[in-house]
Amino acid sequence: MNNIVIVGLQWGDEGKGKIVDYLSENADVVVRFQGGNNAGHTIVIDDEVYKLNLLPSAVLRADKISIIGNGVALDSHALVSEIESLKVKGVDVNYNNLMVSESCPLILSVHKDKEKLFEDLNGNHKIGTTNKGIGPCYEDKVGRRAIRLCDLENTDELNQRVDALLSYHNAIRKGLNYQVVKKEEILKEIQEISEKILLYKKPVWKILNDFMKEGKKIIFEGAQGAFLDIDHGTYPFVTSSNTVASQAITGSGLSYNAQIIGVAKAYTTRVGNGPFPTEQNNEIGDSLFSIGKELGTVSNRRRRCGWFDAVLVRQAVQLSGVSSIVLTKLDILDSFDTIKIGTGYKYGGKMYDYLPASHSIQKELEPIYEEFPGWKEKTQGKRSVKELPANLMKYVRKIEELIGVPIHLISTSPNREDVIKLKNL
């Protein structure tokens, strides 16, 4: 099958960037279809670390085409800065190998202001956003007042769009005794970047359909993870877009038949606030944090850490129609005597084999665990199944049994080549 969708099965930070980079060697095109520069994908090539926020992970391969779809909230200044920082490292990003949908809604300073303002107003009930303006940008898109990339080409249209945008944002700012924004300030902000960003503007949906007819191999690269999905995640502690596989169609404009691959860590992490049934607020969590170097790529915040939650991952598999799994960061568990997997929940005298939608229940769930002996052997950098300890493989097989789909790849380090194939795609 020519098309592959890659999605995260937890709360993000599963290692999707490395897997997209690895699989893109045999692809032609990689498409980002949701989120914004609140996502962070880290790729290590020959000990050089690349941290990507908006750009698809295939941008590091010179012969691949990278596309930012209409489902992405676009911070134009951040994109140009990311392109320029890659050029310093010898990576050439140009309008031949990068295309941006003309329908992308633009993130502006008013969006970042609003997000920070409302996070501050929430006090102890903060969501824990990255303050990148993603949520308010999506709000404006749904409210039909967003400024889109295509609007930058027409002065009259742009002026009308800015008027509509500011009538809303300034009404809120006045109500909260916050300084209003002048139209000239927004126009200047846009004009500073428009010439550079318009070089990449394309009718992405049409180009993707042409590519599909030509038989090109396309990878759709998801950001965040299933339980940050606005509909299916741990609401309200979620992101502002759909992160499950079906969003790849809406966020790119391409209807496709595709293999859907999920990426999951061998344990669980989460950045920010919200329910986390298998979280370990103890020495185990501290060890996972320190060994796994669990700091957010974008926020640089400490990630909360816990045991693998098979209930969550199985639910994510079903939500996205995942047919196979990539399991990452198994090497982080090398030193543990005992390893646990969450296999169910208890609440109010009732057993759950799924994550209930209610936040009031989610935050009180008590995990049910199954224990496994650790392998106490270094696996970092291994590239062959024969090199893997028997107890590690028992752990992998149990996860397969619990989530109901096969694990076909294992990642044993951040490096591009440290991947073990268990099954063919």
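Each residue, glycine too, has its Cβ placed from N, Cα and C.
Of the residues proposed, Thr239, Thr250, Thr278, the one Swiss-Prot records at the same IMP site as Asp13, Glu14, Gly15, Lys16, Asn38, Ala39, Gly40, His41, Thr130, Arg144, Gln224, Arg301 is Thr239. Ranking the binding-site residues Asp13, Gly15, Asn38, Gly40, Thr42 by the distance of their Cα atoms from the Cα of Arg302 (substrate binding site) places Asp13 first. Of all residue pairs in Asp13, Glu14, Gly15, Lys16, Asn38, Ala39, Gly40, His41, Thr130, Arg144, Gln224, Thr239, Arg301, the annotated binders of IMP, the farthest apart have Cα atoms separated by 34 Å. Annotation for Gln224 (IMP binding site): same-chain Cβ neighbours under 8 Å, separated by at least 6 residues, are Gly8, Trp11, Gly12, Gln34, Gly35, Asn38, Ala39, Thr239, Ser241, Thr243. For the binding-site residues given as Asn38, Asn300, the lowest number of other CB atoms within 10 Å of the residue's CB is seen at Asn300. In terms of Cα distance, the binding-site residues that sit within 10 Å of Thr42 (GTP binding site) are Asp13, Thr297, chosen from Asp13, Thr130, Thr297, Asn300, Arg301, Arg303. Around Lys18 (GTP binding site), taking its Cβ as the centre, 25 other Cβ atoms fall within 10 Å, counting all chains.
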